[in-house]
Amino acid sequence: MIDTKTLTQLGAHVETPQSPEAAVLETVPFSRGDGPPAIVRFTCPEFTSLCPVTGQPDFAHIVIDYAPDAALVESKSLKLFMTSFRNHGAFHEDCTVMIGRRIVAATKPLWLRIGGYWYPRGGIPIDVFWQTGAPPEGAWLPDTGVAPYRGRG
């Protein structure tokens, strides 16, 4: 049985943090065992943030894959962290990489990749990709399942 006494958000009413910096990513222990590493995927198809110049909303489909070592990111804390971007002004690239770096800092995974598939503003979709290095040998990495933007196509 996993000790959940250190978790402050799971099972509790928690207000959405005012900013990503104020959000707390909590972790739970993970026993990865022998053999190829497990890959954990989080998909956030309705991610939102704000343009830092105009204040207009930006929307993205975010896919996060990581190979945990000794810790998993607790999913409610991740949800609150992701939601905290709704009032955060930053460029697409900064948001995407910030998310990846925060998860790496919290969990210290064997490997992580993040894809931010941003919906067009001004007619240009922006896709942002970041990873910590080469994927672990033997890991099963399915396609992200996000089709390239096609417009009217």
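Using N, Cα and C of the backbone, Cβ positions are placed for all residues, glycine too.
Sequence annotations record features per position, and here Swiss-Prot assigns active site, thioimide intermediate to Cys51. Summarising the environment of Cys51 (active site, thioimide intermediate), the number of other Cβ atoms within 10 Å of its Cβ, over all protein chains shown, is 14.
Look at Swiss-Prot and you will find Asp58 tagged as active site, proton donor, backed by sequence analysis. Secondary structure at Asp58 (active site, proton donor), taken from DSSP and collapsed to helix, strand or coil, is strand.
Listed in sequence order, the residues of the same chain lying 6 or more apart from Glu74 (substrate binding site) and placing their CB within less than 8 Å of its CB are Leu7, Gln9, Leu10, Leu25, Glu26, Thr27, Val28. Under the DSSP three-state reduction, Glu74 (substrate binding site) is assigned to coil, being neither helix nor strand. Annotation source Swiss-Prot lists substrate binding site at Val73, Glu74, Ser75, His92, Glu93, citing sequence analysis.
In this structure, the C-alpha atom of Cys51 (active site, thioimide intermediate) lies 26 angstrom from that of Ser75 (substrate binding site). Recorded residues Glu93 (substrate binding site) and Asp58 (active site, proton donor) have their alpha carbons 12 Å apart, per Cα-Cα distance. The Cβ of Val73 (substrate binding site) has 23 other Cβ atoms within 10 Å, all protein chains considered. With respect to their backbone Cα atoms, Val73 (substrate binding site) and Asp58 (active site, proton donor) stand 25 Å from each other.
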